[in-house]
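Note sheet for the following structure.
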Amino acid sequence: MDKNNADVGHETTVHWFRKGMRLHDNPAFRLSCEARNSKGECYKLRPIYILDPYFRKYIRAGANRWRFLQQSLVDLDTTLRKLGTRLYVIRGLPHEVFPDLFAKWNVKLLTFELDTEPYARERDNQVEHLARKHGVKVEQKVSHTIYNTELVLRANGGSVPMTYQKFISVVESMPNPRRPIPAPDTLPPGCLINDDLNNQEFDVPTLDELLTLKGFNPAELKPCLYPGGEKEALRRLEEYMKNKTWVCKFEKPNTSPNSLKPSTTVLSPYMKFGCLSASHFYYRLKEVIGNSPHSKPPVSLIGQLYWREFYYTVGASTPNFDKMEGNSICCQVPWDNNPDALEAWTNGKTGYPFIDAIMRQLRDEGWIHHLARHAVACFLTRGDLWISWEKGLAVFEELLLDADWSMNAGNWMWLSASAFFHQFFRVYSPVAFGKKTDKSGDYIRKYIPELAKYPDQYIYEPWSAPKSIQERAGCVIGVHYPKRVVVHEDVYKNNITKMSLAYKSTKAGKSSSNTKKSREMSSPDKKNIKKAKLK
């Protein structure tokens, strides 16, 4: 630590950036900036980010996501420096570094944005305990979601709204969500620290340094299509808000999963990292739409924000939400363990060009369209490979820029028909689905160049091309491009039967469990409970 800093003796407030990597609509940061002691004097402000230098079992992140993080840190540091302060990047684990920071910086207040993920809650409880031991007050503010998930539960009588429509009805019965606050133009002069603005000990790591630390080769990164940071998030938002007609008419199912350029906003990574405030996005949409005719949830842009809020609410209140076992809302399915098929799916080598193109785009760029996610998730699970959605969740968590814990788990349960969605017999075709929006297969040619010279009629089913055409195209199936890992027409019907049996088994198990609990309760106990209720 910076032992020679002349400002160390002053009372300090620390704002801890984690997901909320922005200054606009950041009430916890604003609180740190304006905090004063009992004498009315400003605390010295130190905004920090804690970079875990170790490989942790709970962190699955590919090179694209580390790049996005590094860019976001640079952007945040640049913005803070314009205000007269800086970002202090601390290397270590929160529970190890905070006691040292509390003592050496004479910290009196710690602020941060509330996080509902299980690991985050465990971490934050640990930090709060340490803060109390050191006489440090802790303030958490809700700003990563539009609604406070606890207030949504309270408005629903203490229970979790388990359907999207129920969630909508609950939040529409609540007061309007809080309005976002602007980013500060200036900071109180008394909170600024001048002595260590150039101290390299706290600098944001370079991209090469960070990727090397995490075991990646920087030279293997593909071009960056979605730069991280608050500045880019706001620029991207306003670019879309300029087109009122597009905003009002937006219906997500009508966008294309295989367009060569994204047919949606690609704002999800910026919301995952908190570079863009969900509340700011929500109210900007309200402003742009005004009283004009517009699409409605669940397909509208506001509807997409509500999906995020829905999954956050269910995820925050459901134990083991990201697992099958111990998850009360999840169908218990006897998935297969097939490492070879999983590897083929992960690396875009299933032999189905539409599926493989999606997975290769994901690995190269860190983002794929939501309907593309539907297709590959169904293919991995109930549609074709019969592999657990937990395996797919892990791959998405590593490769997606917008890998959001609650949404990732919720969507995988939905698409595997394990929860929320129960029409398991509706299976995406790995051939016909992509043809709807890209008959000539331009998307496939972009991400699977070995198939680029195939005629349109064979681009989705290259195995059906005569050997002479395969040779002429320079790509023989089984040599230059893999054979199909399964025959879709055969396996999906068997999988529907297996899914039906899993549904019956899960239902029977729940019924048996409820009956057992009822029998375990003796008659006197039931009478006592009835009396207690009457009281």
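For all residues, glycine too, the Cβ spot is worked out from N, Cα and C.
According to TrEMBL, the protein carries these features:
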BINDING   264-268, 304-311, 402-404  FAD binding site
COMPBIAS  517-527  compositional bias 'Basic and acidic residues'
DOMAIN    11-146  domain 'Photolyase/cryptochrome alpha/beta'
REGION    505-535  region 'Disordered'
SITE      Trp335  site 'Electron transfer via tryptophanyl radical'
SITE      Trp389  site 'Electron transfer via tryptophanyl radical'
SITE      Trp412  site 'Electron transfer via tryptophanyl radical'
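Among the recorded sites listed here, namely Trp335, Trp389, Trp412, Trp412 has its C-alpha nearest to that of Leu305 (FAD binding site). In this structure the alpha carbons, written CA, of Val266 (FAD binding site) and Trp389 (site 'Electron transfer via tryptophanyl radical') are 24 Å apart.
Cα-Cα distance from Trp307 (FAD binding site) to Trp335 (site 'Electron transfer via tryptophanyl radical'): 27 Å (rounded to the nearest whole number). With respect to their backbone Cα atoms, Ser268 (FAD binding site) and Trp412 (site 'Electron transfer via tryptophanyl radical') stand 17 Å from each other. The distance from the Cα of Thr264 (FAD binding site) to the Cα of Trp412 (site 'Electron transfer via tryptophanyl radical') comes to 20 Å. For Tyr311 (FAD binding site), the nearest neighbour among the listed recorded sites (Trp335, Trp389, Trp412), judged by C-alpha distance, is Trp412. Comparing Cβ neighbour counts within 10 Å across the recorded positions Trp307, Trp335, Trp389, the minimum falls on Trp307.
You'll find the Cα of Trp412 (site 'Electron transfer via tryptophanyl radical') roughly 16 Å from the Cα of Glu309 (FAD binding site). Taken through DSSP, the domain 'Photolyase/cryptochrome alpha/beta' (11-146) splits into 55 helix, 32 strand, 49 coil. Mean model confidence of the domain 'Photolyase/cryptochrome alpha/beta' (11-146) amounts to 93 (pLDDT, 0 to 100 scale). For the pair formed by Trp335 (site 'Electron transfer via tryptophanyl radical') and Trp389 (site 'Electron transfer via tryptophanyl radical'), distance between Cα atoms is given as 9 Å, rounded to the nearest Å. Counting every protein chain shown, the number of other Cβ atoms lying within 10 Å of the Cβ of Trp412 (site 'Electron transfer via tryptophanyl radical') is 25. Taking all protein chains in view, 21 other C-beta atoms sit within 10 angstroms of the C-beta of Ser268 (FAD binding site).
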